[in-house]
Amino acid sequence: MDNTSNVKEFILVGLSENQRVQKICFVMFLFFYTIIVAGNLLIVITVISSQHLNSPMYFFLSYLSFVDICYSSVIAPKMIADFLAENKTISFVGCIAQLFGVHFFGCTEIFILTVMAYDRYTAICRPLHYTTLMTRRACSQMVIGSWVGGFVHSMVQTLLTSCLPFCGPNKIDHYFCDVHPLLQLACTNTYAVGIIVVANSGLIALSCFFILVVSYIVILVSLKSQTSEGQRKALSTCGSHITVVILFFGPCTFTYIRLSSDLSEDKSVAVFYTVITPMLNPLIYTLRNEEVKSAMKKLWSRKV
């Protein structure tokens, strides 16, 4: 398909066209983004600097926090700046780059969440083999695999979309460049491309979600044979992960496993997995984890 696009830039409608609402959103989302960067960066620094947080679970948590920072940074700064801008434009190249970043970091996060579920399954259901299965090398390979998987997925989405012809209009009813809004602007029949895009996203989201569900069903069944103290500790660590999975997978799956027609609905849902979940992740993992809180207190007292 030849890219005979006449469009050199796109206009992002954003979350609202009401000036008063935009000013409120500017303050609110600037606050959210500050928490995302500060909270997730704190987790990364805490895990790296603490000798006690050297288990695979915290190794994966540090990468999850790093991905959250990158994921939100692809979207939030532009969105926040546009709340005060009169011309909410983004170049064609910038739009495609943002599309790539959104799917790259978003898919990488899905894979890391899945790897974290496997880590919990191994720790609880196969404790005697845990140290041999979850070696530093194996954990590093899982993280690298997550990055590679995210890259491949993103390349497919980006190449399929960027090769479409865009002749106008160039107004995107969203606050960032995504596949569905761009497909609606293409001046050609995008049904086949839309099916491939949905199949690509849907296959990853549903297969990973299936693995997550099976992992936690097996974990819950195996907990019956453990002591009450063991059950409490296991549920504490698993509870945080399950909460994050629900917050991220629910809205994300809703958006990407169907051919979208209501973009205003999609962008409202997208706020949850692009801003709310990355902001809540540090709170969820620290408030329910005494080891992380203790390590943070030691880090803070050492710095002071």
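Yeah, the Cβs are placed from backbone N, Cα and C, and that goes for glycine too.
In TrEMBL this protein carries:
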{"type": "DOMAIN", "residues": "39-285", "note": "domain 'G-protein coupled receptors family 1 profile'"}
{"type": "TRANSMEM", "residues": "24-48", "note": "transmembrane segment"}
{"type": "TRANSMEM", "residues": "60-80", "note": "transmembrane segment"}
{"type": "TRANSMEM", "residues": "92-118", "note": "transmembrane segment"}
{"type": "TRANSMEM", "residues": "191-223", "note": "transmembrane segment"}
{"type": "TRANSMEM", "residues": "235-257", "note": "transmembrane segment"}
{"type": "TRANSMEM", "residues": "269-287", "note": "transmembrane segment"}
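Two recorded stretches are said to be in contact when at least 3 C-beta pairs lie under 8 angstroms, sequence spacing 6 or more; the transmembrane segment (24-48) and the transmembrane segment (269-287) meet this definition. In summary, the transmembrane segment (60-80) lies against the transmembrane segment (269-287): three or more C-beta pairs, each 6 or more positions apart in sequence, are under 8 Å. Looking only at the domain 'G-protein coupled receptors family 1 profile' (39-285), the predicted model's pLDDT averages out at 87.
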